[in-house]
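Quick notes on the structure that follows.
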Amino acid sequence: MEEEVQKYTVDDALIAMGSGKFQIYLLAYAGMGWIAEAMEMMLLSFVGPAVQAEWGLSPNKESMITSVVFAGMLIGSYSWGIVSDKYGRRNGFFITAIFTSTAGISSALAPNYATLIFFRFFVGLGLGGGPVLSSWLLEFIPAPRRGTWMSLFSAFWTVGTLLEASLAWIVMPSLGWRWLLAFSAVPSAVLLIFYQTAPESPRYLCRTGRTDEAVEILERIARLNQAELPPGILVSDHQVAKVFDLPSEDARLLSPNKGEIEIVDSLDSTSSPQKGTSVFTLLSPQLLRSTLLLWVVFIGNAFAYYGLVLLTTALSSSDNKCTPNHSPSESGKSVDVNYKNVFITSFAEFPGLLLSAAMVDNVGRKIYPTSVRTTGVGVASSMGRIGGMTCPLVAVSLIHGCHRTAAILLFEAIIFVSGVSVLLFPIETSGRDLSDEVSDMNQEVELT
């Protein structure tokens with residue numbers, strides 16, 4: 001009887017090879033994209049008041065400069081997630097980097113309010129691809145250490161906010177908001193420069209039948225990490241049984257079963273990238289609860305985070321007295337923001353990052369299956385942009401209406417609701433292999 005050929009999956013290979021130089025390079029690349037998004041978001045709190053003062057805009061028009069970016073992100077988050085699930089992660093973030101860098105520089109040259117709004121919308125459209133980069137990075141990380149690496153990735157956001165605060169501190173008093181917009185577009189351009197060195201996700205390649213290309217990338221990882229691939233041939237998770245006795249970085253690694261099991265991919269037709277219907281899978285009975293809760297979390301976090309950013313800038317102004325019924329003609333020549341204070345308060349994010357890094361692999365986390373991951377995160381991010389769009393309208397109105405205490409209490413209440421929603425997530429993924437398909441994830445839930 002012929003001996004059965006050994007098989008391994010992408011997760012098996014990543015666990016066997018461990019983390020090393022390859023993942024560090026990917027972290028730096030994806031982190032640059034996260035820095036770019038953070039800078040574009042942070043600058044909104046500086047540019048809005050400056051443009052309002054220079055062009056004599058009403059408070060509603062000032063808030064629209066921020067809201068239109070989130071409107072673009074709402075469309076972009078949804079669109080780029082689908083594109084990356086269907087055509088690949090690399091194609092997804094390549095297009096988004098083009099949009100962000102080009103529109104960012106163009107908005108710095110805007111001659112009037114309407115043109116500025118137009119280009120800022122396309123900046124937001126490009127920024128909507130942020131979840132693609134995070135999903136791309138996640139698919140190269142061994143299961144037991146995904147949480148820690150994603151916490152490290154999140155730290156680049158804080159780096160971006162600090163860079164933007166520093167840039168505003170230097171640029172705004174002397175050069176003005178146009179130069180701030182131009183300099184803030186540089187990180188997105190860096191992604192384009194090094195794009196050719198960024199590999200496609202082997203999980204995506206394997207799931208779409210491009211196994212040979214996936215093996216080449218895994219071999220590249222093995223060389224850089226000075227490790228070896230598992231023996232046998234590479235297969236997709238849902239095609240054949242897995243082998244779970246490979247060396248693990250963490251004894252707490254969970255698997256839905258030991259030995260060999262064949263999983264019937266009952267939802268393959270709805271999650272196939274070729275058919276492009278994975279967005280409807282998010283609302284299937286298997287994922288509906290996770291999807292709705294995730295939307296609540298993203299909307300709440302976006303509303304509260306960006307609201308507090310705008311509020312921080314307002315409270316850091318040297319002229320932070322309440323001025324109800326503010327009119328454009330009273331705006332004065334410029335807005336004197338204490339950029340030093342904004343820079344210092346930006347450091348407040350670091351304790352939270354350290355806490356999440358310490359907790360995420362020990363306490364837990366949640367993740368969609370591979371076939372709908374970037375679409376799922378992208379759609380959730382789109383929902384979050386609803387919170388981002390409404391936030392400036394509410395925050396600016398409350399600030400100009402002398403209701404700053406009410407604004408803070410509102411943001412705190414929304415954060416509390418988001419926290420409760422996280423506790424209600426049904427699927428724990430800490431230490432598990434990433435599920436390729438929805439049916440795989442369903443079986444894991446039943447077994448736990």
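Using N, Cα and C of the backbone, Cβ positions are placed for all residues, glycine too.
Summarising the annotation, TrEMBL assigns domain 'Major facilitator superfamily (MFS) profile' to 26-430.
Long-range neighbours of the transmembrane segment (24-44) within the same chain, counting only residues 6 or more positions beyond its ends whose Cβ lies under 8 Å from a Cβ of the stretch, are 65-66, 69, 93, 97, 100, 104, 123, 127, 130, 133-134, 136-137, 140, 149, 152-161, 163-165, 167-168, 180-181, 184-185, 187-188, 190-191, 194, 197-198, 224, 306, 309-310, 346, 392. Feature annotation from TrEMBL assigns transmembrane segment to 24-44 (among others).
The transmembrane segment annotation in TrEMBL covers 64-81 (among others).
The transmembrane segment feature in TrEMBL is assigned to 93-111 (among others).
Packing against the transmembrane segment (117-138) from elsewhere in the chain are residues 26-27, 30, 33-34, 36-37, 40-41, 64-65, 68-81, 84, 89-90, 92-93, 95-104, 106-107, 110, 146, 149-150, 153, 188, 201, 367, 373-374, 377-378, 380-382, 385, 434: each is 6 or more residues past its ends and has a CB under 8 Å from a CB in it. Per TrEMBL, transmembrane segment is recorded for 117-138 (among others).
Among the features that TrEMBL reports, transmembrane segment is placed at 150-171 (among others).
Feature annotation from TrEMBL assigns transmembrane segment to 177-195 (among others).
Among the features that TrEMBL reports, transmembrane segment is placed at 292-315 (among others). Proximity of distant same-chain residues to the transmembrane segment (292-315), defined by a Cβ-Cβ separation under 8 Å and at least 6 residues beyond the stretch ends, is recorded for 41-42, 44-46, 48-49, 66, 70, 337, 342, 345, 366, 376, 379-381, 383-388, 390-392, 394-396, 399, 404, 407-408, 410-412, 414-415, 417-418, 421-422, 424-425.
The feature transmembrane segment is assigned by TrEMBL to 342-364 (among others).
What TrEMBL records for 376-399 (among others) is transmembrane segment.
What TrEMBL records for 405-425 (among others) is transmembrane segment. Within the chain carrying the transmembrane segment (405-425), a Cβ under 8 angstroms from the stretch's Cβ atoms is held by residues 289-290, 293-294, 296-297, 300-301, 303-304, 307-308, 311, 366, 394-395, 398-399, all 6 or more beyond its ends.
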Q.
Same chain only, please: residues at least 6 beyond the ends of the transmembrane segment (64-81) with a C-beta under 8 Å from a C-beta of the stretch. Say none if there are none.
A. 40-41, 44, 47-48, 51, 92-93, 95-96, 99, 116-117, 120-132, 279, 302, 306, 310, 374-386, 388-393
Q. Are the transmembrane segment (376-399) and the transmembrane segment (93-111) near each other by the rule of at least 3 C-beta pairs under 8 angstroms (pairs 6 or more apart)?
A. no
Q | Long-range environment of the transmembrane segment (177-195) - Cβ separation under 8 angstroms, sequence gap at least 6 | A | 29, 32-33, 35-36, 39-40, 43, 46-47, 50-51, 54, 90, 93-94, 97-98, 100-101, 104-105, 107-109, 126, 160, 164, 167-168, 171
Q: Using a Cβ-Cβ cut-off of under 8 Å, list the residues of the same chain that are 6+ residues beyond the ends of the transmembrane segment (376-399) and lie near it.
A: 44, 48, 59-60, 62-64, 66-67, 69-71, 73-82, 84, 124, 128, 130-132, 134-135, 278-279, 282, 287, 291, 294-295, 297-304, 306-307, 310-311, 314, 368, 406-407, 410
Q) Mean pLDDT, the domain 'Major facilitator superfamily (MFS) profile' (26-430)? A) 76
